[in-house]
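Novice: Take a look at what TrEMBL says about it:
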- Gly9, Pro10, Ala11, Ala12, Ala13, Gly14, Lys15, Gly16, Thr17: ATP binding site (BINDING)
- 5-40: domain 'Cytidylate kinase' (DOMAIN)
- 58-189: domain 'Cytidylate kinase' (DOMAIN)
Amino acid sequence: MIFTVAIDGPAAAGKGTISRAVAARFGFAHLDTGALYRAVGVKGGDPIAVARSLNATDLAHPGLRSLEAGQAASRVAVIPEVRAALLDFQRSFARQPGGAVLDGRDIGTVICPEAEVKLFITARPEIRAHRRWLEVGGDAAQVLTEVKERDARDMSRADAPLKPATDAIRIDTSDLSSEQAIAAAIAEIDRRLNTTG
Ligand code: CDP
Ligand code: CDP
């Protein structure tokens with residue numbers, strides 16, 4: 001079965017949490033596409049050359065989840081040649097037999113416009129920044145500033161900006177627990193699986 005779930009949205013909206021749970025529930029493969037951009041961002045050197053030769057060791061870098069890696073990712077993510085270098089891998093992953101869930105910024109709009117289910121996960125910026133602060137610590141005001149800065153950069157870039165696909169289902173997780181957000185996503189996927197047979 002070819003079945004793709006595309007999960008997009010701003011930083012710390014809950015995309016990864018939902019994607020991992022969906023992958024476990026349906027037996028789909030999961031790709032955190034943000035890790036690709038984070039790996040390119042932290043490696044340094046020429047980002048285009050790095051993106052073209054990205055490998056498993058780069059993706060295993062221990063610092064990928066830091067705030068700095070997130071900022072570095074969003075700076076290299078504006079470069080069209082970097083995005084192009086990562087495209088084929090993501091597309092083949094999305095259409096592999098057995099089903100796949102990919103989370104990022106442009107999965108429903110650019111990587112897999114034919115995805116069977118597209119979810120756009122959001123939450124208020126203050127809530128997202130608080131969630132991220134619980135994970136990384138440090139100065140809470142600084143975390144909020146960085147989250148807002150990164151969202152603005154992601155939404156305003158010319159190539160594959162962060163925006164919901166016209167046929168995406170929006171889930172606002174501001175007032176939901178992780179379990180409730182996961183249940184909402186699973187309900188949408190079940191609905192689609194039941195209508196396609
Ligand atoms: O992948 P993304 O950056 O969108 O978010 P995440 O890493 O899945 O979630 C950020 C944090 O928010 C995690 O620590 C989650 O446990 C927490 N959280 C959530 O994901 N969803 C909720 N409804 C409530 C909290
Ligand atoms: O987990 P969080 O939402 O904070 O970030 P991420 O998904 O790991 O993505 C890090 C950065 O990579 C984003 O801010 C984007 O600039 C970039 N990115 C992208 O441009 N396209 C994607 N499909 C995924 C990430």
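Quick reminder: no glycine exception, Cβ is built from N, Cα and C everywhere.
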Novice: Beyond the listed site residues Gly9, Pro10, Ala11, Ala12, Ala13, Gly14, Lys15, Gly16, Thr17, identify every same-chain residue whose Cβ lies within 8 Å of the center of their Cβ atoms for the ATP site.
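Specialist: Sorted by sequence, the hits are Asp103, Ile121, Ala123, Arg128, Thr173.
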Novice: Near the domain 'Cytidylate kinase' (5-40), which same-chain residues lie under 8 Å Cβ to Cβ, leaving out any that are not at least 6 residues past its ends?
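Specialist: For the domain 'Cytidylate kinase' (5-40), the nonlocal Cβ contacts are 47, 50-51, 54, 58-59, 61, 64-65, 69-70, 72-74, 76-77, 82, 86, 89-90, 93-94, 96, 98-109, 111-112, 115-123, 125, 128-129, 131-132, 147, 150-151, 154, 162, 164-165, 168, 173, 178, 181-182, 185-186, 189.
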Novice: For ligand 2, which among the binding-site residues Ala11, Ala13, Thr17 have a CB under 6 Å from it?
Specialist: Ala11
Novice: For the domain 'Cytidylate kinase' (5-40), would you mind checking the mean pLDDT of the predicted model?
Specialist: 98
Novice: With DSSP assignments reduced to helix, strand and coil, which class does Ala11 (ATP binding site) get?
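Specialist: DSSP assigns Ala11 (ATP binding site) to coil.
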Novice: List the helix, strand and coil residue totals of the domain 'Cytidylate kinase' (58-189) as derived from DSSP.
Specialist: 73 helix, 15 strand, 44 coil
Novice: Count the Cβ atoms, other than its own, that fall within 10 Å of the Cβ of Ala13 (ATP binding site), considering every protein chain shown.
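Specialist: Summing over all protein chains shown, Ala13 (ATP binding site) has 27 other Cβ atoms within 10 Å.
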Novice: Around Ala11 (ATP binding site), which residues of its chain at least 6 apart sit with Cβ under 8 Å of its Cβ?
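Specialist: Ala11 (ATP binding site) has long-range Cβ partners Gly70, Arg128, Arg132, Val147, Arg150, Asp151.
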Novice: List every residue in the same chain as Lys15 (ATP binding site), at least 6 positions away in sequence, whose Cβ is under 8 Å from its Cβ.
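Specialist: Listed in sequence order, they are Ile7, Asp8, Gly9, Asp103, Gly104, Ile121.
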Novice: Could you count the residues of the domain 'Cytidylate kinase' (5-40) that DSSP puts in helix, in strand and in coil?
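Specialist: Per DSSP, the residues of the domain 'Cytidylate kinase' (5-40) fall into 19 helix, 8 strand, 9 coil.
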Novice: Only counting partners 6 or more residues apart, tell me which same-chain residues put their Cβ under 8 Å from the Cβ of Thr17 (ATP binding site).
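Specialist: Listed in sequence order, they are Ser178, Ala181, Ile182.
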